[in-house]
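Enquirer: Submitted below is the structure of interest, expressed as C-alpha cells.
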Amino acid sequence: MLKAWLFLILAITSEVFSVVFMKMTSHSDSLSSLALMYLTIIISFTLMALALKRIPLSVAYATWESIGLICVAAIGLFLFNEAISPFKAVALIMLVAGVILVNIGEHENGHTDV
C-alpha cells in the first residue's frame, strides 16, 4: 500500500511540474518546455494509474487534484508573483480539509488500507 501512495505522490509532483512547464511555454516559444510539459503529463497519468491499483478512485483523485492545486498556487505565488486573495487562501484551506474528510470517509467505509 505504501508503494501506491508513493506512486500518487510522484504523480502529483509530475503533474505540478507539467503545469509549471505549461506556464513557461505560454511565455515563450520554447519547444523544450512544451516537450517537458507533455512528458511530465504522461508520467503523471501513468503513475496515477499505478496508484489506482490500490487506492480508491475518490481518495486518489481528490488527493491528486487538491494537493496539486495547492502546490501550483504556491508556485504561482513565489515563482510567478501571482496573488493569492483571502478568498483563494480560504478555498485552499478548505481543499485540505476536504482531502482529510475524504480519507476519513474511506476509513469509515472499511477501507482501512487507505
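We number each residue from 1, going along the chain as drawn.
Placement of Cβ uses the backbone N, Cα and C atoms for every residue, glycine included.
This is the feature table in TrEMBL:
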TRANSMEM  34-52  transmembrane segment
TRANSMEM  59-80  transmembrane segment
TRANSMEM  86-104  transmembrane segment
Enquirer: For the transmembrane segment (34-52), give me same-chain residues lying six or more residues beyond its boundaries with a C-beta closer than 8 angstroms to one of its C-beta atoms, as numbers and ranges.
Expert: 4-5, 7-8, 10-12, 14-15, 17-18, 21-22, 25, 60, 64
Enquirer: What residues elsewhere in the chain lie close to the transmembrane segment (59-80), defined as a C-beta under 8 angstroms and at least 6 residues from its ends?
Expert: 8, 11-12, 15-16, 19-20, 23, 48, 51-52, 88, 92, 95-96, 98-99, 102-103, 106, 111, 114
